[in-house]
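S.K.: Quick one: the structure is below, questions incoming.
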Amino acid sequence: MGLETEKADVQLFVDDDVYSRHSGVDYGDSEKFTDLGVDRDPRRLNSHLQLGFEDVIAEPVSTHSLDKVWICSHALFEISKYIIYKFLTVFLAIPLAFAAGILFATLSCLHIWITMPFVKTCLMVLPSVQTIWKSVTDVAIAPLCTSVGRSFSSVSLQLSHD
């Protein structure tokens, strides 16, 4: 009573192309979605986000829920993932794209007009600074270090056991 004695063989058949692009959701009107063939991630920046139900929920063989519960939870997972993503993109995509555009424009401007001229100026000045620094070390620091080295080289220590 209430216990399953036979295993039911439940299979979900989804076309690979449709599943990878649409998360298994069947669209009612195919004319509205004619541009889905365009790859919006050609460099595969977000390939790690292609999660399916089996990647998140897994029941070991020893503990299975009822087949209808498994099928309904799979369907609800896919539908809620689809609907929540669409809902969030409606409200967040445009403001976040605007903010990202401002951020990248600012960083590009700073890099082009401040950072690179500063780096090029430093690289242009460095040979003369290197020559001056070598002269300063040869004239002032090298004799000082040589004198200190000679002074300490004449020091000898003897240990005695008393």
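Placement of Cβ uses the backbone N, Cα and C atoms for every residue, glycine included.
Copied straight from Swiss-Prot:
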{"type": "TOPO_DOM", "residues": "1-86", "note": "topological domain 'Cytoplasmic'"}
{"type": "MOD_RES", "residues": "Tyr19", "note": "phosphotyrosine"}
{"type": "MOD_RES", "residues": "Ser20", "note": "phosphoserine"}
{"type": "MOD_RES", "residues": "Ser23", "note": "phosphoserine"}
{"type": "MOD_RES", "residues": "Tyr27", "note": "phosphotyrosine"}
{"type": "INTRAMEM", "residues": "87-107", "note": "intramembrane segment"}
{"type": "TOPO_DOM", "residues": "108-162", "note": "topological domain 'Cytoplasmic'"}
S.K.: For the topological domain 'Cytoplasmic' (108-162), give the DSSP counts of helix residues, strand residues and coil residues.
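M.R.: Result for the topological domain 'Cytoplasmic' (108-162), in helix, strand, coil order: 46 helix, 0 strand, 9 coil.
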S.K.: Give the mean pLDDT for the topological domain 'Cytoplasmic' (1-86) on the 0 to 100 scale.
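M.R.: Taking every residue of the topological domain 'Cytoplasmic' (1-86) together, the mean pLDDT is 70.
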